[in-house]
Amino acid sequence: MEGGGAAYNPRTPEEVFRDFRGRRAGMVKALTTDVEKFYQLCDPEKENLCLYGIPNETWEVDLPAEEVPPELPEPALGINFARDGMDEKDWLSLVAVHSDAWLLAVAFYFGARFGFDKEARKRLFTMINNLPTIYEVVTGTVKKQSREKTPNLSSKISKPSSKVSSCDSQFQTNASKGPPRHKDLLDESGEDEEGEDEDEHGNTLCGACGDNYVGDEFWICCDVCERWFHGKCVKITPARAEHIKQYKCPSCSNKRARV
């Protein structure tokens, strides 16, 4: 397996975390936006296959490393064998759990290899723990946690009660096209509560990459699973979203196609 091997050796907690985050982003893509391709590659008729996350935010399904012991810890072996014997959702959840375990193993392998002390290990774990797990992203656990806070964004922006309902209405109207950006909502309310808005909207996580809302990014919501996505992660622009009456994310679209 070539791509999963470390092209470089991160030597500080921050460098290890960047490596972790890149590999994680790739694996999240495999199990969400690229799920159709991932599903096809995991052919049960093939040999033992593994899902590898690569530091450049890509992924690949490949045979395990031939060298013994391997350069890095290896991910779960034979993920393809269970594909057709389980419900697809359960299978993807199982792969997600093993992917989380592998990412932690790789990160703390680097920590042990380069002699991280207690404080360095704690710093690394804290950075990792601030991100949702792949399992949480794939199963929608993150969505359930963040959805409770998302509506509060619109209600907090406009203090006058007469404007709250109109702002909430605007939020619902744009639900299939993406969450209202702070700039748009501030213009309507006339209130400057950018810091508070950032904190509230920051709890919303992308269903593809798992990252938080940042700045003035364009987002879109799937009308089937109700998860939010960066427009760039699902290749939807604001202009294109204007012509979409009902948006289905890649994962939901692919599931329906195979039914």
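Placed from the backbone N, Cα and C atoms, the Cβ positions cover glycine too.
TrEMBL has this to say about the protein:
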COMPBIAS  154-169  compositional bias 'Low complexity'
COMPBIAS  187-200  compositional bias 'Acidic residues'
DOMAIN    203-255  domain 'PHD-type'
REGION    146-202  region 'Disordered'
Counts by DSSP class (helix H/G/I, strand E/B, coil) across the domain 'PHD-type' (203-255): 10 helix, 8 strand, 35 coil
Mean of pLDDT values spanning the domain 'PHD-type' (203-255): 82
